[in-house]
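Engineer: Could you have a look at this structure, given as structure tokens, before my questions?
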């Protein structure tokens, strides 16, 4: 296979003959003046310009920067260069210069001025040292000004800037997030090699004329390949993008021009970005090795990226766009008082002929360590001061970049739960229906027939066969027993089996057998002798009944002990009590010992004294019951984890045996493991969160008790004095049952059995703490008072008999003599949870107001409108727009209301509260009612439409000397879709679905805008104008509902276990004062005290509450389930990057096929005005266009257009320059991990 591809090798690992072929091929290529020569191909990048077409009057550079197709264009470009080089005699692909590792110098291959041919001994100039730019002059060559940044050698334990930032790029799981991080890091090499030299790598116009460009971009492309391999390891798509879909079918120029400009038929034919993903198949090259800093793909993910994600991190975010020049940006972190510390830096590559570009998401650079050194928290008050210097040394105005934002990414364990599809939910084996049983049996039959490494024999051999420490020198079995990582090894092992079952057609996750429940026989799945296979129309042996052991040419057997059904059997039974004692433990390693030994009991009770059975460490995994047993075992660990979380104790980490948790487990980590999923999950410390492994359990109840009830049951057992037999266990090279007797004098009673699972090839193990068996009931049965245990010379003692699995009685001294431990009763005081103090004012649905409520509100509003003080209507309404009361540093006045920014919800929460408190001061006993416009309505609320004696009908605008008016549009009432298909419902449901506050805010705000536009219509003094909207009393009912929607989202976040009273994005903006609420002129002490975004999340502290937080009749848990159901379908979104346009407008768009057939795509509104505060979102507003595409019979990846029309509220059509072209991205159905 290797002969079919050109191999790109590390430039430092080229052989003499390979270097020789590259040098001479490139010399020939530089002399070639045709379209296949070096300078012709170098011109593809920028100058002389060829785009948009060679004959266009105004041309620009063809290279794509600052957009999602940057990697695609440059992948094709390196192929263009590589194949030309190959045609000129090169025997290998374009070598790559790996700058991700610490370097001391630029490789000689590209730095030396001369090259001495090792075969002819003739010295010639090194063509890779520089390039000629003949279109300027014959004497013009590229220059280099190498920066010391390139030769960074970090202190021990730290990595270089380049490595850290590439690792951050590789961490991303969304292609467009990866792309922006990759591109900006790549820019640094351009900057650090070219410096201030004009004809250099640091100038977009001339970069491609320096031969180092191609070695640099070979490495950039290799990093993309590494990311693709990581995506495959993660189980995510590596060969297509789900974002920027509109760009993926646009041919890349000038490659698509063909002859005479491009003489390469392959790059002409395969010139669409979508062709670039499968580089080996389409372009026939590969890399010698895919590593970073000597870390393999698996190690990058498991040992580095996951480790980084386990930490709380803070980033500065920059929304970048082109400004016609290369530049270097540095920034400082500054606190009040002027003290500043160096933050970090990044580069932009540009030139005057560059194609216009703007990213639609933030470039992130980590500042965690800087803040830590400054003793600052992520939400401390600090500013980021950015300095931008152009390539020629000119300092550019800081305003060329939007203000940097601060983002916090909490440790990954705090991420949202992964939505697990039904076929990844492990259920009780007794709850399976006939179809489930048939499916599992058919899948296991196929797994058993599979003789590959995905088949049963290989999987079963992982447990007990002699494979470790390496297949080359096998000494013992790989399974981990008798050590703290026993649960982790078996968690990933069961996952490995389950993945194979799914690969062979199983649509049912591995069920669990709850052996603590009463029973008289094994479950049907495990015990039926045969089953009917509907596919083959045959009656076949039940594959779960036994397993074949190829190496022994025999089948597994079972010797089920009657005690299995005697010691199980519900509350009071031995297994129940043993599991309860296990779950009682609060230290992970204490839990693990109890857990493992209880699990051993089932191996013994099913396998008995048989060799090829569950009771043998070597052969237990060949009996399929093993996997159903271990599904229950893993579930018990999950229950303990839930208990620990309930106790506010560590549940996703251990503070013991730390040395074992960081080492990848064998054989899963080996390259011979064909399952990339389990290979990536082979490190114990990453296995605590089973949701991230792609499965969960139907429930975590134990004998009908939820976690809270289970904890109470544990407390009941702890409320009594107890005595335990304590065993210090270690490996004895065999499976054995240890029979315990409690004796007084010569009288003895059976006290229980401890089973040890082992074998002659077991990995050596000793527990470092004891296994405890409760013998309190035996003492009571023998009428031995607990006090007698303390009597000197007492004859109370323990005796053991040890019987190996083959029936031999072992010397009782094979294990240390157990001791007795007395544990006194614990007392528990039940904590009484205090409910959050409810606000004194309740906001009701406007349609549920009583006549007395309505009268009270109208009377109070009339009094507020008559009040000319700072707490009167005119003053409060002016907070939003005109008269202008906020000022820039230069004195220019602007409207204080915050729109198009993260604090929009917070600012309007305070304004609504300000008006509400004014109403309360004038006699209202109810809060501002909310108008729920997400439900179907045919008219505006009666509260605001009755004309007679109604202060809510309109209000006077003193500053304009006129009254407010409304001009509702037809679409406000005439939505043809109802219920969960209606316009407002769909917009708000999409907002509520978001789990990041900034994602929610954008969807939420733009959804709210439509009410402003459609109620106010063309009225200049109404809801549709930012300047005067707050003078219409309806504004406050609208914003009461808007605030309630935010409150619903907050309740959803709380239910999801995610931040709800804080945000992890744009943190620096959330700590800034919200004017004018913070000013001394504000008479409201409550809004003044909460006049930042950060302090206004908790609305209970503002003294109000809602009558309920239901959404369309759904409670918060029901709403969350409904939102998840919505996500179970593929959806396609148009993304609009919105910013200030200085007026209110409606945006309508159609989706059109390339043949011109169009259908309505959607509509949304922008609320603005001449005096609005400047704003720009840092991420796209998403609009679902799935239905529109279905109407046109289009798929997300098809070629289509989105035609946008922007209309001002006065009906005039506005220029499309106000909006960037929309992007398209796919949100795949959440049905697979």
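Glycine too: its Cβ is placed from the backbone N, Cα and C atoms.
Because the structure is a prediction, the values reported are computed rather than measured.
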Engineer: Taking Swiss-Prot at its word that 186, 190, 599, 603, 630, 1008, 1012, 1039 bind Cu cation B, choose the one of 205, 217, 646, 648 listed for that site.
Structural biologist: 217
Engineer: Considering the Cu cation A binding residues 45, 65, 74, 463, 490, 880, 899, 908 given in Swiss-Prot, which of 86, 454, 481 is annotated for that site as well?
Structural biologist: 481
Engineer: Going by DSSP, is residue 998 (disulfide bond) part of a helix, a strand, or coil?
Structural biologist: helix
Engineer: Which whole-number value in Å describes the distance between the Cα atoms of residue 908 (Cu cation A binding site) and residue 896 (disulfide bond)?
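Structural biologist: Spelling it out, the Cα of residue 908 (Cu cation A binding site) and the Cα of residue 896 (disulfide bond) are 11 Å apart.
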Engineer: Residues with Cβ closer than 8 Å to the Cβ of residue 896 (disulfide bond), same chain and 6+ apart in sequence?
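Structural biologist: The answer is 879, 880, 884, 885, 886, 1075, 1076, 1173.
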Engineer: What same-chain residues, at least 6 away in sequence, bring their CB to under 8 Å of the CB of residue 538 (N-linked glycosylation site)?
Structural biologist: 532
Engineer: Identify, among the disulfide-bonded residues 243, 1152, the residue whose Cβ has the fewest other Cβ atoms within 10 Å in this structure.
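Structural biologist: Among the disulfide-bonded residues 243, 1152, the lowest count of other Cβ atoms within 10 Å belongs to 1152.
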Engineer: Taking only the residues in the region 'ODE' (5-422), give me the average pLDDT of this model.
Structural biologist: 93
Engineer: If you measure residue 1158 (disulfide bond) to residue 1008 (Cu cation B binding site) at Cα, how many Å is it?
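Structural biologist: Here the two Cα atoms are 27 Å apart.
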Engineer: Select the closest residue to residue 217 (Cu cation B binding site) from the following recorded positions, measuring between CA atoms: 45, 340, 481, 1152.
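Structural biologist: Among 45, 340, 481, 1152, 45.
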Engineer: Give me the long-range Cβ neighbours of residue 998 (disulfide bond): same chain, 6+ apart, Cβ under 8 Å, in sequence order.
Structural biologist: 902, 1063, 1065, 1066, 1178, 1179
Engineer: Taking the Cβ of residue 1065 (disulfide bond) as the centre, how many other Cβ atoms fall within a 10 Å radius?
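Structural biologist: Cβ-Cβ neighbours of residue 1065 (disulfide bond) within 10 Å number 22.
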